[in-house]
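As recorded in TrEMBL, the features of this protein are as follows:
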DOMAIN    31-154  domain 'Bulb-type lectin'
DOMAIN    351-430  domain 'Apple'
SIGNAL    1-29  signal peptide
TRANSMEM  442-465  transmembrane segment
Amino acid sequence: MTTILSRKIYGSHCLYLLPLYLLMVVCSAEENVITPTQFITDSQTLTSPGEIFQLGFFSPVNTTNRYVGIWYNKIPVENIVWVANRATPLKDSSGTFRIASDGNLVISDGRGIVHWTTNVSNFATRNSSAAELSDTGNLAFRLVDDDTGGVLWQSFDSPTDTFLPLMKIGGSSLTGAKRELTSWKHASDPSVGIFSAGLDLVDNIPQLVVSSNASKRLWRSGVWNSKIFVGMPNLESVYNDGFYLTKDTKDKSIYISFDYLDKSRKQKYVLGYRGELFAETWNEEKREWSRSWSTQDDKCETYAMCGPFSSCNTLDSPICSCLVGFAPKSEDEWSKGNWSGGCVRKTPLSCQNSSLGDDGFMKLATMKVPDFAIWSYTNKTKECKAECLASCSCIAYSYDSGVGCMTWDGNLVDMQKFNQSGEDLYIRLAHSDLIGNRKVTIMIVVLVGTFAFTVCVFFIGKWLVKRRGKHKKNGGNKLNSGSIIDEPQVPNMLGDDSEHLEVYKLEEIAIATNNFSEDNKLGKGGFGVVYK
């Protein structure tokens, strides 16, 4: 039988080895395939054509257990991207990776016990199949004499904890098929851990979700809008370089993948054994993996950090705040920084009870919209609003041209406020809450207007005083006909002692303002009331 070595063999002669089997080494450039007559043992590796990836036996840190895995070639640090026999390690170095007599690709030990198998073939295909490692890191087990080159099995269809370029994550809502990342149990054990990362395929609005024990959500990306995941605005430039979604209407399957124009770029997404999903790029200059993004970059990334009807903003202190029209469910817990209970509505919605006034919507801009959206095909924002307003159970809506109409009828959870990007979210509020909010808005406008008016009066007055001062310097201290004193000089309140203001008696001011009539009132600011 022929074995494949991980090094190139030069020369005009072949070497013959005779341990347990009579092995013939191929006299050519190193191979990247396994055939019915070619296999690898524990000390050997399979290398992709461009020498980008290698496959072979390895042991994780702090253990002697042996696994078959794939890793980036010529990178000195541990970087396993795929593991075959995750749950069934070999206890020694007697293992082989080969095509068995039943036609399947298998890992077996020195006693012939099978520890892992593709379990997709039969004896009829044994002599016409081969396993090939490509430069994408995919191990494909295929029929070699089939015109279509049909793939029987491939590692990209059974990912472990690492998401590579051209790999697909997703599944079918029709068949229930699911392809997702699963974490290692811990650093020394690549068996399946408690964390998973995949596409949530509910209601035609896919989003990435990290969960524990297959149900409890730890993080989500927000929905895909044909360009980006709206809850990940900081990665928008990355998506433009190659993230894309593929759909198949026949089996209702949806898959997310990514690729880069620069094929030399080595980047991967890894689901750590502690539940953190992160991106790493190989830095050739520093000879290390550089982490560029993580689901644990800040507290607001934690799923439902602020509880229902509350929004998270990393720039605020505290980071959680109730939506307009809502108040903390427990003021005591909220003051302690325990926001998990979230907020509750202050005023019940009237829905179609006109005696209480019509409900309306409050716009929240640049938001990561809540989880569990209900999708409908509507191509205009107004139609989406009308659809929500017509249903008493609808409490919020959002429209994105790349998604369609999204509405919500339950608790609004996992919302986040961004500085830029994000979606416009419209929250349904009772009529009284909308009126109250308008009053606050009007008050703010009035205060800002009053301040602006006062500043204008201040600078106009300063200009007039300076102008009058120049008059006095040029023509002496002449009194206007309206002056009621002859000599006393009042220090300039603007800070220039060389200039003077005219002083009027209270009686004359009262006459001029019609006894301080409200009709003559111009406004009020920090300097008091201003009359004309």
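Cβ atoms here come from the backbone N, Cα and C positions, even for glycine.
What you are looking at is a predicted structure, and each value in this text was computed from that prediction instead of being measured.
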Model confidence over the domain 'Apple' (351-430), averaged pLDDT: 91
Secondary structure composition of the domain 'Apple' (351-430) [DSSP: H/G/I, E/B, coil]: 12 helix, 32 strand, 36 coil
Residues in the domain 'Bulb-type lectin' (31-154) grouped by DSSP into helix, strand and remaining coil: 6 helix, 54 strand, 64 coil
